[in-house]
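Written out below as structure tokens is the structure these notes cover.
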């Protein structure tokens, strides 16, 4: 297997394949990220990671390994091996001739011919192509637009300011070619025909006319090819600049703007809208060159044939308004299609992000139907645009012929006799006009319309509301609302506080009459620890967001004196090493790092991770448990040196003992002397804070220390323990994680820790697969099969052949007509009018047939393409949703999304156009060859030679370009992954001032992509240039051959030369399009690759194995010798090990254990989400024998990470309209959300933002609880379902569950012991085994192992006594 490279810098991952591994650079060791080295070069590391070779190959450290990883950067750097730096781009050192002739591409062609290219074979991007430089220039230009008060900002003006001369200069070259060289060609053609027709005036100059023809063709090639490349190059740079600008803007969006702008929309801007820049700037010059050319050529033709010239030109001009209308329609259609594409991508993005929850709800099929419906609507809109393209393709072929027909018929009707010179001069001139007026000008109109539509979408995004620049430095910072300046008297008081808030009012929705925070007055002293508590949805997180500056104040005053660090309520990790996630761009301080790791209770996890803190954690921390993610996020915040730490409920995701450790050792220990604002629901810690803030409905309900609030009774109202118990919590003993009770073995990575992203235990990351070799015929067959099958293909092919027969027949008939007229004139005979009329009728019939057949063939092909796109998309979406969870752990979110965005965009829009081009050009070339062979069969010799040369050149080109296209596609995926990850962690990124670090990483990914894309367009243009040169040689042979083998008359010369001249554009374009077809088919290849995904199992069992509709009636659950692993590798270590236990019907079972003990894996086994041995029986039925939906529909789940979808509240509760509004309101009332939803503008129809960001995490968990109540299943699973809600709401919810699910079996995973202390039984798990299982009271008093006893005891003496009392009462009442 070839080594797969990884380009540095790599924020997203460190990729490896087999023996190839990536070692962090010294900058990575010091900063947590790979930054650019001084020459900004991309590099590939080939050294092993910082463990011994044996340990690396095994994927874990051996017992005897003495080379254990440390966080000491000096020790690490001592093991570094020399990097392999990517070489300088040969274009950077090429001279003028080399650049003009594309000689600098020879090394990559040579390498591509010998081997399969990958990222290691690329070069560093040119200085002018670097993303950061281009982004800086365009951002500066856009800022000038924003500061111009006199007019609306224009992205077009901003682009022209930066790239204007590079876009304008090619217009001069196009002007010279079109109005100079191409206009001269017909003149010399006429002279050459005159020579072979025996005209006396041309007798001595025929050879010179032939040479002039050849020279003009050569000059056209030498000017246009570099010009085309130059425009592609500048378009590519514009795209990079806009991508960088969009990413920077995304990092500045306010929460409100982010709610209105979905991540799918931002991804679509970069994947679909920006690439439309690639073609419009080239054709736009024809909007002014084309009209000038029409005037000049019309004048020249008028000089020769008089008013007849106007007939054809007017016909061509009459199509211009139609083209303008179609351009407008195309713009409107594209905008509508883009909106529908945004909607589809948003849905796909949400589904992929929440796939596990979707599977547990058994919602795959209904959501698949929704995406299918969205896809149909999207493709119906795209089809309208394709039909316009089909009309345009047909028009291109027949327009010049109709124009020629009108001019010649007019010329004949006027009583004049046309000669070969007249006929082929008109033909040549109209062919020139065809290129300009029928191809380039209409294309310019359509592409400019599409370009402007995309520009408007980017402009709209760039004008979205953004946060003001806030300087979170060591000095004081203010957020003072205009109109409410602080008085001089208050200034000194403000500076005495770490955080000072005066009369603050703020709201997320500017249109809402209600404030999220209202009348907030708060002074936080430097060095104090402040706890913020309150009911779910009371505004705790919003207060933190206001301090961060994320929630803008509507009135009042907020001042922060000092630098901030922040831990979010929902842990945010990116796909990188644990160390990268903790350092997050900060310099490496070994002593501080070790201290933070210890205080955040991560040492044990590091010891057991395959590569310690250099282990890849997976995208969004997918391979870690919730507790591990929370502690790594906390460590990131704590490692950052700041004076103020904002911790948004980091203790809810960990168990009681770890929470005690984090509070004692981290909050009160390591952060002693710093200001800490801690949002928490853990009341046992309240006696040990300096100040408590109680929030209710966005207002401060009470403020003070523990003793004063205890006397008011406000604290007691929040908890489940008695007032006496809480008073005794001051006697709690500090937690010692090194005590014997805490040295039980723990699994390092959560339930899917058995493999990291790479699917093994090595801690390495999965590398996206790159195909090799050519595109197989089977792939084409699969594509056309998806488009309607063999019959549809044959009908379309037959129609295309008939269309070309009609077109070639028209050309041949014209030659026949010219010969007939000239022969009659040569004999002094006049052809009768009846005969002339018959010729006119015949020619008219041929033209009409050409129009009909070309339209038919184009529409048929586009219809096939539309069907293929829909079926391919729906097929792979079905495969993805049916894939097992292992697939999602080894494939990045961005990589999967890439298939549904850029790859499907290629299949939808690019591939049909290329297919039409290839088919029509192939048939056109066949027609030309037939015509040439009919005139002089000997000309088939150079034609055959040309074909052989082109065939070998094409193969040489394809081997290189196909690999470059694949590498380009693979290098594109990290751009989307990085963008999506950054949008998810926006608050954390901004709070830690990491925007610049993230921007550099995004720029590095764009540079890696640019490296591949630039070489792709370079090799493409080099190939085109080479073919053009060969075409010039071919035309030279054809033209000069007439002097060696004189034809019978000038008409044959005119026919052959006009046909051969078309080859200079047609052949090179055709061969390039066949190559482009193969390259575009790589998108189909990447899409079809997902068709081979193995499904996780049948959804519905056969009738004989399907459980009864009333199943399960009892809710008994039996585990028999169950083993579970997260990889299909049967030899992999099991995460759950030989579990055997029985849960009785209607039993309430609490499941506890340290982070990574296997609690959530138990739930995965119940839902059959992973690979298992042994059996799970529910009411005596083996769940392995039934369909997945038969099983999952009968189990309700409240997941650990609550998931809401963008849409309405009703849609999130009941996406398929199965229940009445009354039923929904009843469920909301039972979970204490009725009042919250009632206060929304539209009640159940109120909008939910993407990811449910306009609701707190606790409220989202309550919505998930409402879903479970709606389903009324016999078995309920709660995985940390109330971890983020306050104790009072938790108590009310527990009461609701006890009432609503009295006759149900309930499994509850919880870190809060009081949540499960009244359960019938408690299951204690550790290292994937059940170590205790019994009633809570018995486990606390009679158990020999005392694991549960010790766990409860660690919560403190007072808490232990209160929990024991509740357990005893439950035991005695059972």
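Glycine too: its Cβ is placed from the backbone N, Cα and C atoms.
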Annotated residue, N-linked glycosylation site, per Swiss-Prot; candidates 561, 854, 971:
561
Of the ranges 138-158, 159-179, 180-200, which one does Swiss-Prot list as transmembrane segment?
159-179
Range annotated as transmembrane segment in Swiss-Prot, from 363-383, 426-446, 447-467:
426-446
By the record in Swiss-Prot, which of 45, 1254 is the one labelled N-linked glycosylation site?
1254
Of the residues 75, 1353, the one that Swiss-Prot lists under N-linked glycosylation site:
1353
For the transmembrane segment (404-424) and the transmembrane segment (305-325), does the number of C-beta pairs under 8 Å, pairs 6 or more apart in sequence, reach 3 or more?
yes
Please report, as numbers and ranges, the same-chain residues at least 6 past the borders of the transmembrane segment (282-302) whose CB is under 8 Å from any CB of it.
170-171, 174-175, 178-179, 182-183, 186-187, 228, 231-232, 235, 309-310, 313, 316-317, 407, 425-426, 429, 432-433, 436-437, 440-441, 443-445, 447-448
Out of the recorded positions listed (561, 1154, 1156, 1157, 1158, 1159), which are within 10 Å of residue 537 (ATP 1 binding site), Cα to Cα?
none
Looking at Cβ-Cβ distances, which residues of the chain lie under 8 angstroms from residue 538 (ATP 1 binding site) while being 6 or more apart from it?
695, 696, 697, 698, 1286
Can you tell me how many other Cβ atoms are located within 10 Å of the Cβ belonging to residue 1158 (ATP 2 binding site)?
30
Can you give me the Cα-Cα distance between residue 1157 (ATP 2 binding site) and residue 1353 (N-linked glycosylation site) in Å, rounded to a whole number?
19
For the domain 'ABC transporter 2' (1119-1352), the mean pLDDT of the predicted model:
84
Spatially speaking, which of the glycosylation sites 561, 1254, 1353 is closest to residue 1156 (ATP 2 binding site)? Use C-alpha to C-alpha, please.
1353
Under DSSP, is residue 541 (ATP 1 binding site) part of a helix or a strand, or is it coil?
helix
Centre the Cβ atoms of 534, 535, 536, 537, 538, 539, 540, 541, go out 8 Å, and tell me which other residues of that chain have a Cβ in range of the ATP 1 site.
542, 695, 696, 1256, 1258, 1286
Among the recorded positions listed here (541, 1160, 1254), identify the one with the smallest other-Cβ count within 10 Å.
1254
Given the recorded positions 1153, 1154, 1158, 1254, find the one whose Cα is closest in space to the Cα of residue 535 (ATP 1 binding site).
1254
Rounded distance in angstrom between the Cα atoms of residue 1158 (ATP 2 binding site) and residue 1353 (N-linked glycosylation site):
22
